[in-house]
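These come from TrEMBL:
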- 64-80: compositional bias 'Polar residues' (COMPBIAS)
- 12-133: domain 'PH' (DOMAIN)
- 63-88: region 'Disordered' (REGION)
- 135-169: region 'Disordered' (REGION)
Amino acid sequence: ESSGLKIGADGRPLRSGYLTKKGKNFGGWKARFFVLEGPEPEFKYYETPGGAHLGTIRLRNAQIGKQSHTQTNENQSPAQPTAGEDLDNQFRHAFLIMEPKKRDSSAYVKHILCAESDKERDLWVDVLLQWIDYQDVDDEKQPPRQGAKTTHDQPSSGPDHPSTGKSKK
């Protein structure tokens, strides 16, 4: 089972699926159907597959981070979790996309997204990072970051690399 992972014509992974998104300002958590596909490095989300397009997160020069429990109080109002929702649950399997603002690229919009499991979250983060790195390679204004992966993470079938990197558990 591939968890919805396909490779596009340009070699970038395509992915789609449900994630829970934290609403803006005082918004609650809402399940949204996210789609990652070309040609622009954009992460679009919809109410349902084929449903109303609700928004787009631009991935060019974005930063991705995994949410950890120690970060949950940082830069947040002391709003209490709603009934039946503790802080632990609120940020379980979460990751963060820092999207540069259109008018001021030194300021970021924070998008907090939650997956069904840590494994799902890690898959999303890996794929999103490949899209951001891929864009950096094509961008002539700035050289690729040191240590940025410019190769596509596909398992090699050569005899030099025994297949130990299986992700299925």
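Glycine is no exception: its Cβ is also placed from the backbone N, Cα and C atoms.
Looking at the domain 'PH' (12-133) alone, the prediction's average pLDDT is 82. Secondary structure of the domain 'PH' (12-133), assigned with DSSP and counted as helix (H, G, I), strand (E, B) and coil, comes to 23 helix, 48 strand, 51 coil.
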